[in-house]
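> These came from TrEMBL, pasted as-is:
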type     : residues  : note
REGION   : 1-24      : region 'Disordered'
TRANSMEM : 40-61     : transmembrane segment
TRANSMEM : 73-95     : transmembrane segment
TRANSMEM : 107-128   : transmembrane segment
TRANSMEM : 134-155   : transmembrane segment
TRANSMEM : 175-194   : transmembrane segment
TRANSMEM : 206-223   : transmembrane segment
TRANSMEM : 258-279   : transmembrane segment
TRANSMEM : 351-377   : transmembrane segment
TRANSMEM : 389-415   : transmembrane segment
DOMAIN   : 1215-1284 : domain 'S1 motif'
REGION   : 1286-1375 : region 'Disordered'
COMPBIAS : 1349-1375 : compositional bias 'Polar residues'
Amino acid sequence: MSPLPPSSSPIAFKEQQGRPPPTTQQTIAGKLFRNLFKGLLFSQLTLISLLVIVLTIRGLISASTHHFHPKKWYPPLLASVAVSGVASLAWQCIFIYNPSRAVKATFWLSPILTCSVGILLVLIGSAVDAGIGAVFVLFAIIQSLYGCWITPRFAYTDKILSLATAFPPARTREVVCLSIIVSVVYSGFLVTGIGGATSTRTNLDILFISVIMMSLAWTMQVLKNVQQVAISRARYVNFAHGEDMDAWNAFRITLKHLTGSICIGSTLVPIIVFIRGSIRSVNLMSGSSDEVMYSGADCFSTIANKLITLGNRWGFVHVGTYDKGFMEASSDTWKKFRSTTGLEKLIDSDLTSSFCFLSAVSVGAVSSLTAGIWMLLIHKDYALEVSLYAFIIGYFVGRVGLAWLQACVLAYYVAYSEDPQSMRFDGTIPQRIQRLQMLSAHRDNRELEKKKKMLTSPSNALHSSTPHFWPVRRSRLCRSRNLPRFHSGERSSGGGGKLCSLSLLSASGASKFSVRALVRPDVTEDADSIGDGSLAFPNHVSVKIPFGNREILVETGLMGRQASSAVTVTDGETIVYTSVCLADVPSEPSDFLPLYVHYQERFSAVGRTSGGFFKREGRTKDHEVLICRLIDRPLRPTMPKGFYNETQILSWVLSYDGLHAPDALAVTSAGIAVALSEVPNAKAIAGVRVGLIGGEFIVNPTVKEMEESQLDLFLAGTDTAILTIEGYSNFLPEEMLLQAVKVGQDAVQATCIAIEVLAKKYGKPKMLDAIRLPPPELYKHVKELAGEELTKALQIKSKISRRKAISSLEEKVLTILTEKGYVIDEVAFGTIEAQPDLLEDEDEDEEVVPEGEVDQGDVHIRPIPRKPIPLLFSEVDVKLVFKEVSSKLLRRRIVEGGKRSDGRTLDEIRPINSRCGLLPRAHGSTLFTRGETQALAVVTLGDKQMAQRIDNLEGSDEYKRFYLQYTFPPSSVGEVGRIGAPSRREIGHGTLAERALETILPSDDDFPYTIRVESTVIESNGSSSMASVCGGCLALQDAGVPVKCSVAGIAMGMVWDTEEFGGDGSPLILSDITGAEDASGDMDFKVAGNEDGVTAFQMDIKVGGITLEIMEKALIQAKAGRRHILAEMAKCSPPPTLSLSKYAPLIHIMKVHPSKVYSLIGSGGKKVKSIIEESGVEAIDMQDDGTVKIMAIDVASLERAKAIISGLTMVPAVGDIYRNCEIKSMAPYGAFVEIAPGREGLCHISELSAEWLAKPEDAYKVGDRIDVKLIEVNEKGQLRLSVRALLPESETDKDSQKQQPAGDSTKDKGSQRKYVNTSSKDRAAAGASKVSSGDELVLKKKDVRRATGGSSDKTMKSNSSTNEESLVNGEATIS
């Protein structure tokens, strides 16, 4: 279905409390089904008409042949059709004249008339007639019993009908009369076809009659619902918005545009009503005694609750008002019912539908009696079928005639559910809900008392030898996992105690959460505090509310009872406690709400203590500051202007399960606490996190799930609007970001609705009387004195000049008002009257006692008249008004002229200039300038020791290899200020820029440096955090960091209410806002990313919230702005070097076998420290997987460290030959020779020479260099070396060689040998690694040669290195 044309669109709704009217997006499938059903309606009308015409003609022609008497068959039935129309109109008049009597008469007259029809059918005489008559009599008995059961509800039904139909829309009577006439004419037309088919009575004719009756039923249902949609639409507009709408015009629009949706509803509603009615009957019969039957009934109830959301008659209201699809409208309205306390149960017990049904049955019975008696008198054979036809037709005509009554009631309920606090509704519905809750609680209480008596009686199962288990049906109102113990009113000492219950339903309808509370304060609800002598908590409330795809437990009244409000919120085993306190006396007025938020993660929440010296929580950590900001930012837009009482919100994590993150929970907890407190906030807020996992958006994912997420979106808002979003992603397209926001907004809406319900029931009265606004007269004075000059001052392009001009003008206005006597310093708010000194005249010191007004102890002083003086204003008020006037003039200039204070258009970006390499000794630096905003970004590279350590609740220390630190000195805005620890604003801005850049960084394997970006704002006029993103990206490139791509950031602003300044009412989006536009505007939306997607974003709202459409417009405009900025960044001069600075440290990565790591570290780290001292490197970092990182400032020290580590971790192989090795020490049994740095082996005295030696010193001394061959490695890894094996062979040696095993490394001439030059110089030049045969990893040796007995040497592979492709890549040197 196409959208409604402008001429026939629904009435232009006025916004209520900042909420825009609901909108709907029609899907292709929805349009297809609507058009399909609309086509089916007109097709069947055409085909049925043709069929009726053919049957009528055929019946008239063959009437005499088949003994069919048209003159006897048609008149009674056609007359009964006419009677049904008359009866419907008469019933309208009766109801309008006296609704109360009409309701009562219906419930008693309907069974009487139905019974009369049954008696009439019995009198016909045949067995079939008697059986059908008995059915009618049984139906009448059921109606009578039903009437007796619901008699107590008559008063409420009468009242709700009177309220809903008191002032029907204009021309409603014409619509109703037309509908009745059409139904009568169409029914009479179908009667002729039925008569034609009856004349022949063949099997095919029976099919034709069935088809005609089905067409009658569906067509009448559609006609009824068309009338219902039209009138409910007009009535809803009046109830919800106070506007009048013509019923005839609504009827015309409905027929033209909404027929398809109505056809769908006309098909689904009867089916669902029948199924749900049957299930409810099963539930009523099941009771609680039969456990098997109860289980089935409970299962059926789940089905019924699901079906009612797919299709219900209340959905027709939104179909007509907002052009929604029927199923969408049904779901939306039922969610509203479930979100309003007790409304769903009230609607289920409402008798309006029963009244309309039984009224239609009465009309059908009158019609049936008319036709039946007539036929009984003239032709008894046709009496049964004619009576039945007349009853069915009369019933449908009656339903059409009474559709307007039901439409008015539907509109009343739907409008009430959307705004229960509206002044257009009285206390009828709330009083009825309270009555139903009391009755329900009373029944549950009696049931619990009964079961308690059963359990405590001497004959129960607890006293028997065999254990018995009682099948207890848990009450749906129980708030605890265990059945609580309640005091009934009869057992209470004070009497008059009333038990109330509150059923709160989630917006999704998937689950119910409930509260039970006692009206009497001396009777507690807490099961744990009754009967055990402990302290009672009479105000303890515990509820469950929806929180994304699960529920959270909210408790209040148990902890922090002296605070204005205090709640504990539990998600899994994560518990957050939040309290709200207010100062009794307001502080000095200012333009900033005195709201203070403190969030702290207690280490005791995970069974730990702080790692500091004092073993307690200290300064607020950075991530705690970020959560404080998340709590603060969505709350401020909901606070009223003029509220100056200091407000403090304390939020503590008391328990953390490592699975459910506490940040979104803390924001929601703060929203609940503020809603329950005395703070006069306008709306309840809630926060959720949205992740993108496996292509699916997940609301409030667990910590483990977030590790796989490509999106980290935090969203906070109210039930109608978005207040703040923040997060980062991996180049997520704007379209997907909007989808994520929509998912998060739906979750927030459900939570906020539940919070509002909870606050209305248990919240404290709001301190509305504490709001103090400047006097309205002051605005007039300021505009008169500063209007023209202020407009000119706002057009000054230079920030400093503009600020000085505005400040000078402010002082001028204040001086003039002071000179005129309008300003004093002693008064803070409002207007006062002068209080003259109470001076007594010396001559008149006696008391003036009025006659007849003296009692003992009374003292009456003569009153002194007060002289009025001009109204006075405080200096603070003048400054606040001046700032507000300045803001409005700035916004007016933007709206009217399309130009901003610096002359730019709405989407124009300020001039950009960037320079790299400003600081020669820094590893990377950039000066980024955009307009009057300038940021100096400096990059420093280091190893793991430079990483930032974070102490968190996870229990393991976290190290950040990349971090950005943002500094905003007061000199950046030309002011004098204190320099100290980073402010919350600096931490927040730095984190946003850090997240924007983190996505483009290479992995630790590709670039093993720790990266620190320091962004110092040198000059600021808006968007300094986004300037840090741009400058940081260029600085990273200048430092040689191989980033994936370039990113840029831009800040978007908004002017929300353009209609006030002559605009069309649509918000204006501003690109690259300045400081003044940020302060005076309504939005600060920071977006960072590249041309394809977004990496980080943050949005703050100063109004009541924005919609997705506005956010989409801002994202599209921001994308165009980022492209422009990236193009300007590419023009950087001088450009980034894209290579490591010569002053940057060198990092080399080596891979050794994990088993060798400990040998490198040594006992207490002695070995690695000696390597650092010997080689001169800066640091060596080793990991358990065998990864070794060496950081050095020069290549020489790096190579020395590589050689030492290579020697320590090498795995020698038998047969290897080592040249020029130094003798380190001597022993009586041999010499210790160093074959590699730090690696020694023993050359036994027998292997030092071919000749016999008495002692080693006879051949060598310490410090001599010799060539040795490795001949053995024992089980302990000790090396046995030999010099003799390399000496020329003698004759006696040859005999001994023959006895050596074949696997010996010493072979005949021409056998393979390996020579390794291990001189320190050559080892420093080598520095590679190899893989030995087997599974051990060793360092590769570059100088591998073969020595033969000939004159030439040939290079060959080592025996221990069988495959060059198995070499480990240890050469990851970054240079």
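Using N, Cα and C of the backbone, Cβ positions are placed for all residues, glycine too.
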> May I ask for the residues of the chain that lie six or more residues beyond the transmembrane segment (389-415) and have a Cβ under 8 Å from a Cβ within it?
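Contacts of the transmembrane segment (389-415) (Cβ under 8 Å, skipping residues fewer than 6 from its ends): 76-77, 80-81, 83-85, 87-89, 91-92, 95, 117, 160-161, 163-165, 168, 172, 175-176, 179-180, 183-184, 187, 191, 194, 213, 216-217, 220-221, 223-225, 227-233, 235-236, 239-240, 313-314, 316-318, 333, 336-337, 343, 347, 350, 352-353, 355-357, 359-368, 370-372, 422, 424-425, 429.
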> Between the transmembrane segment (40-61) and the transmembrane segment (175-194), do 3 or more CB pairs sit under 8 angstroms, pairs being 6 or more residues apart?
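Yes, the stretches contact each other.
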> Can at least 3 Cβ pairs under 8 A be found between the transmembrane segment (107-128) and the transmembrane segment (351-377), with each pair 6 or more apart in sequence?
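The transmembrane segment (351-377) and the transmembrane segment (107-128): touching, yes.
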> Hey, which of 73-95, 134-155, 206-223, 258-279, 351-377 has the most Cβ-Cβ pairs under 8 Å against the transmembrane segment (40-61)?
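Of the candidates 73-95, 134-155, 206-223, 258-279, 351-377, 206-223 scores highest.
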> Let's see if you can do this one: DSSP helix, strand and coil counts over the domain 'S1 motif' (1215-1284), in that order.
7 helix, 38 strand, 25 coil
> At a C-beta cut-off of under 8 Å, are there same-chain residues at least 6 beyond the transmembrane segment (206-223) that contact it? List them, or none.
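Hits for the transmembrane segment (206-223): 41, 44-45, 48, 51-52, 55, 179, 182-183, 186-187, 190, 193-194, 197-198, 259, 262-263, 266-267, 270, 392-393, 396-397, 399-400.
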> Please give the average pLDDT for the domain 'S1 motif' (1215-1284) in this predicted model.
89
